[in-house]
Amino acid sequence: MSLDSHHGKWTISSSDDEDELLPPSGTTGASSRQTAEISHSSPPSASPVTLKAEAARTPVSSRSVGSEARRTATKNQINPVRYKTSPSLAGKRKNEVSEGTGWALSDSDEDDGAVKQNNQANLPKRAPLKPETKKLKAESERPPSPHGRQYYIDEPEDFFESCTPRLDDTYRFYLNKVTGLDREYNSGALHIRDLLSPLFGTLKESVQFNYCFDIAWMVKQFPPEFRDRPVLIIHGDKREAKARLLQQAQPFPHVRFCQAKLDIAFGTHHTKMMLLWYEEGFRVIILTSNLIRADWYQKTQGMWMSPLFPRLPEGSRPSAGESPTFFKRDLLEYLASYRAPELEEWIQRIKEHDLSETRVYLVASTPGRYVGPDMERWGHLRLRKLLHEHTNPIPGEERWPVIGQFSSIGSMGADKTKWLAGEFQRTLTTLGKSSLHPSPPIHLLYPSVEDVRLSLEGFPAGGSLPYSIQTAQKQLWLHSYFHRWKADRSGRSHAMPHIKTYMRVSPDFTQLAWFLITSANLSKAAWGALEKNNSQVMVRSYELGVLYVPSAFDMKTFPIDETPFPVSSSTSGFPVPFDLPPTSYSPKDQPWIWNISYSQEPDTHGNIWVPS
């Protein structure tokens with residue numbers, strides 16, 4: 001989301017920690033989209049400087065805090081973070097003086113009594129050179145980055161060469177291109193410019209569902225011939241945040257907005273989807289990236305891209321064009337859950353197209369409290385139902401581990417039985433109609449401090465891994481599940497994950513019982529939680545993903561592709577994006593957590609993380 005300051009505006013991505021207490025009435029709080037003041041320092045070649053972050057403090061009433069999910073607790077405001085910049089390494093980036101900087105605190109969700117934290121205490125602040133002469137920067141000129149303009153390196157000339165996915169691609173699962181990787185690891189990967197390329201169709205109109213937007217940057221990703229085609233933005237911003245979002249779009253009259261209803265406190269609109277209407281047909285893309293440059297730069301992201309769906313003949317039956325996975329029905333039901341007039345014409349368009357080639361199942365979350373049969377429509381109970389109906393028991397399944405991989409962690413209770421090892425584990429371990437309820441190993445992949453320090457982005461990559469110390473201290477039991485982020489097979493060990501994946505894998509890590517890519521992080525707000533003696537489920541947020549089950553591909557299990565890059569047309573294996581088996585944390589490893597002191601060793605750009 002766009003933030004204002006007297007030094008310009010920049011984008012902050014979503015965050016979803018769940019454990020902060022609401023400030024009491026009359027105390028000082030802070031908006032989650034709150035202003036952070038960032039001044040200019042010397043160019044990278046100058047002597048070292050210290051960057052200190054302070055969140056601007058805005059009084060808010062207890063009513064305003066309690067009624068909006070995006071409020072920051074006051075605790076972190078008294079613990080600013082400093083960066084010490086090494087001039088010898090900082091100069092490796094673009095030789096431009098930054099016009100502004102800020103964090104991209106990426107995607108997350110919140111839970112009971114929790115306040116969403118964008119952790120303004122971690123926003124770098126530089127000493128001003130001449131603040132009295134600094135002019136306001138236009139919205140369209142702000143650096144769409146958590147790091148400032150000088151952070152970005154230029155992509156090679158062939159980086160944005162559009163590539164069409166192989167027509168024989170079985171799974172239609174792709175990773176994003178990552179700046180700084182060897183070319184072979186970007187072969188077959190896609191950038192947002194590829195997704196919007198004329199190679200995929202002659203675009204007439206589109207819808208962009210997402211959490212965080214940089215409108216000016218987004219418009220530039222369309223090819224010139226499509227840059228003025230109508231775009232509908234589906235978002236969840238309210239009040240001041242909504243006003244700033246609309247302000248971004250003032251130079252672009254072809255961009256319209258639809259606000260998703262968030263009727264339950266601390267919910268977010270976290271779904272990431274593109275609906276693309278072409279002269280030749282219609283396409284759906286479900287992905288994990290926000291619509292800001294930082295999310296398409298040096299992070300690991302994933303996406304499912306549908307085939308091009310052709311238009312049905314006139315006079316076709318209402319049930320025509322359905323897939324064996326009932327994808328069309330479920331997509332229409334998900335869009336209807338928004339109760340938005342702006343989506344009615346899109347619902348009608350989808351009804352007029354043939355989606356029968358789809359081989360994945362839709363797994364969505366929408367805010368609400370559900371009882372009876374409706375409990376299985378959304379969230380993890382929807383996933384449980386699909387696994388129950390469309391997978392089969394496996395001999396020795398108690399030895400088949402569950403793997404969860406995500407970029408944010410919510411509050412799950414004082415012990416594992418409260419949610420993770422209770423209802424959520426039962427969902428993830430469901431295989432067909434087996435009456436067994438085994439307790440197989442559960443491996444949770446989440447970057448360590450060392451993973452972040454040595455990443456392509458360095459410590460700033462931690463801004464997209466919002467696991468707060470307040471949450472972590474209440475669930476130390478969780479850390480025994482953690483495994484490192486290692487992705488040598490895809491060349492992405494140093495591209496921190498913003499992708500979210502869940503899967504069931506064989507003991508030898510060569511087969512998959514199922515695979516899910518989704519926007520949903522590890523939180524009750526995203527997946528839902530049972531209430532009232534398990535007679536009701538409550539979901540706070542909008543989320544969206546696709547589930548792969550072998551039966552939809554006429555297989556018993558999915559073989560895992562051991563070498564997904566460079567892309568080969570001869571493999572039938574599933575391209576799991578990270579290394580298997582997962583790498584356990586060593587005794588000295590610790591998960592990336594905000595607001596605690598880490599090693600004084602510099603990151604890949606010579607920065608040192610020093611909490612005050």
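Backbone N, Cα and C define each Cβ position, glycine as well.
Over in TrEMBL, the protein carries these features:
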ACT_SITE  H270  active site, nucleophile
ACT_SITE  H498  active site, proton donor/acceptor
BINDING   K272, K500  substrate binding site
COMPBIAS  25-48  compositional bias 'Polar residues'
COMPBIAS  129-144  compositional bias 'Basic and acidic residues'
REGION    1-151  region 'Disordered'
SITE      S523  site 'Interaction with DNA'
How far is it from S523 (site 'Interaction with DNA') to K500 (substrate binding site), counting Cα to Cα, in Å? 12
Could you measure between K500 (substrate binding site) and the residue listed as 'active site, nucleophile' for me? Cα positions, answer in whole angstrom. 12
Among the recorded positions listed here, H270, K272, H498, which has the most company in the form of other Cβ atoms within 10 Å of its Cβ? H270
Counting every protein chain shown, other Cβ atoms within 10 Å of the Cβ of S523 (site 'Interaction with DNA') number 29
Between H498 (active site, proton donor/acceptor) and H270 (active site, nucleophile): CA-CA distance (Å): 13
Suppose we draw a 10 Å sphere around the Cβ of K500 (substrate binding site). How many other Cβ atoms does it contain, all chains included? 24
